[in-house]
């Protein structure tokens, strides 16, 4: 019984936050790094997502933002493959369920990795910002943020690869920064995710970048901030937005095929459109196009639209190691405000990898990193074994490691 309790506690901790489960490019679905299964496999599938342990909690920045973990997450190692995209393509990143209390900006970067993203030293990558959405609406405390737009869009986010960048191999760094406890130094929580891309096209720009360990400081105004006070503006942390970045009014798209990441180095990137190797999906999803919310007046950064990205359907795939996680995490048909479950021809059994919603577990004990108190909080105040409820501010208490 103790082993079962321990395992349940572990699952609760793992599902307390989020990670990117898959990406979609031009209707083609590519699996991400499935944290609940791939870390335990001797020969996991080749994906474009960088590899991390079975953890999706925040990066530990208690000693500052110079930790290597801030680059691509905890103990991240290079992805074994890449996905080919054309400059100007839009990439949809599908997160698992994101807690609605973890307000903050959503930011995306690119870094040129030279000849081979699978072997590049991550500490040498220099990132330039291609997308950022911070404070959208400050009419009510704590405000509406980029992550709220992500949640509304079925926990997905869409970003466009700038048309002006030169062809080559790049690492896409996509991140949510949760600010619910950012009123004290070291309280902001970073959740970076990385993917290897081979970008084709005819652009010529090679934007200057910033080392991952130099993107932020503990006292940056967008990192050290009390979101429970009235904010008229918010300075999105990190370097300025690349001048060639495009603010897009997004619409959801249908998944028409499944694709597999290409193993190894990308080699020399060609001009023209990307040509992914795909198989037709047995089922696809459609959604009603939506318009991006106006938000540039609130964020002190270059204009950027709120994402209303595409919603993955459950593609039928012959890859045994990934069918369960795909079916449980992306088998939905969604408009911006409506979620409906679809049924595929070969539905998989429920998986422990299905993300748990934030909040209280059935036992009355909250998982690690979940809210356990605060002004007007009505849920349980207990935490799972090994965790304790810590008061971050009058509005928010959180389960943290004891």
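Heads up, the Cβ atoms here are built off N, Cα and C, so glycines get one too.
Site annotation (Swiss-Prot): Cu(2+) is bound by 17, 102, and the candidate from 65, 170, 191 recorded at this site is 191. Annotation note: residue 72 (disulfide bond) sits in a helical segment as assigned by DSSP.
Around residue 189 (O2 binding site), taking its Cβ as the centre, 22 other Cβ atoms fall within 10 Å, counting all chains.
For the glycosylation sites 75, 154, the ranking by surrounding Cβ atoms (within 10 Å, all protein chains) places 154 first. If you measure from the Cα atom of residue 72 (disulfide bond) to that of residue 113 (disulfide bond), you get 14 Å.
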